[in-house]
Amino acid sequence: MLKLVIIENMAEIMLFSLDLLLFSTDILCFNFPSKMIKLPGFITIQIFFYPQASFGISANTILLLFHIFTFVFSHRSKSIDMIISHLSLIHILLLFTQAILVSLDFFGSQNTQDDLRYKVIVFLNKVMRGLSICTPCLLSVLQAIISPSIFSLAKLKHPSASHILGFFLFSWVLNMFIGVIFCCTLRLPPVKRGQSSVCHTALFLFAHELHPQETVFHTNDFEGCHLYRVHGPLKRLHGDYFIQTIRGYLSAFTQPACPRVSPVKRASQAILLLVSFVFTYWVDFTFSFSGGVTWINDSLLVWLQVIVANSYAAISPLMLIYADNQIFKTLQMLWFKYLSPPKLMLKFNRQCGSTKK
């Protein structure tokens, strides 16, 4: 139960920060210049983005394949597994479309907004970002029903696959409709696209993302009240406990998995990681929103925002893997069995010995 609470709280905090970030992203995209100036830091930002996208695609692929193999070999699928698999697929497509925009340098052409390729990629990127908000909303709603024996919503605790797929279909249709509106706004020339119309369209795009955020907040409040009644108030975390928690992160892949690890310690580790993400997103939101309000056409500002915005899709699979004991222990077992430095040195010595013979 505590593992599901960690996943839900992780989705709730990062959902809100990403929602604020997307609002400023829409403003900057509406006022994006027709030709992007090659600043001295542009190549540096590209160099930082490629490893980020590669790492995020690899981590989400591992998470997606693990759930696929679990379904194939066990012939059973939980609702939470379907949602996490869908979220991983969305993040893969999100990072892939953003990588195409960076690699092909669509922003460097003079007729960017008239290019069909640019519109298609921007449309897919916008749809994936909207789906990355709707999917954690469903995840939080399912995890909020934590006491089926008391509440009348017990029948919603284990929804069927048809209900989950129906929600996915509705989310895809809704976000594709929003993406069409977004691309139609980009199609207008700058003369016809005034600041008032841009703000109205940006607020409309922000409004459809506000409803999932509100749902997540209500479910989080409900779950927090229930946990308070069951477990009582949480202990206050002191400085020494924070230091021990950080050390737990560093020693996660250097020590064998212990079956008696305290769930409270794992929860506090996830909270510390979430605090760092929230701080990063709030700094980026302040930076990007100030540029969107003042209508500053700074390409370096846009590319910095792209890197920070995609950090959600790149790092969130690590949080899901760490929150899932089964995946984490499997990866840890593979590490100690095949990839740990002592094992690699032993294999190297055996190969050297066989070569000498």
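Cβ coordinates are placed from backbone N, Cα and C, and glycine is handled just like the others.
If you check Swiss-Prot, you'll see Ile80 and Lys329 are listed on opposite sides of the membrane. When each of 53-73, 82-102, 301-321 is scored by its Cβ pairs under 8 Å to the transmembrane segment (164-184), the top-ranked stretch turns out to be 82-102. Panel annotation: around the transmembrane segment (53-73), residues 81, 84-85, 88-89, 91-92, 95-96, 98-99, 102, 310, 313-315, 317-318, 320-321, 327, 330-331 of the same chain, lying at least six beyond its termini, place a Cβ under 8 Å from a Cβ of the stretch. Same-chain residues lying 6 or more positions outside the transmembrane segment (82-102) and placing a CB less than 8 Å from one of its CB atoms are 46, 49-50, 53, 56-57, 60-61, 63-64, 67-68, 118, 121-122, 124-125, 128-129, 131-132, 135-136, 138-139, 142, 161, 164, 168, 306, 310, 313-314, 316-317, 320.
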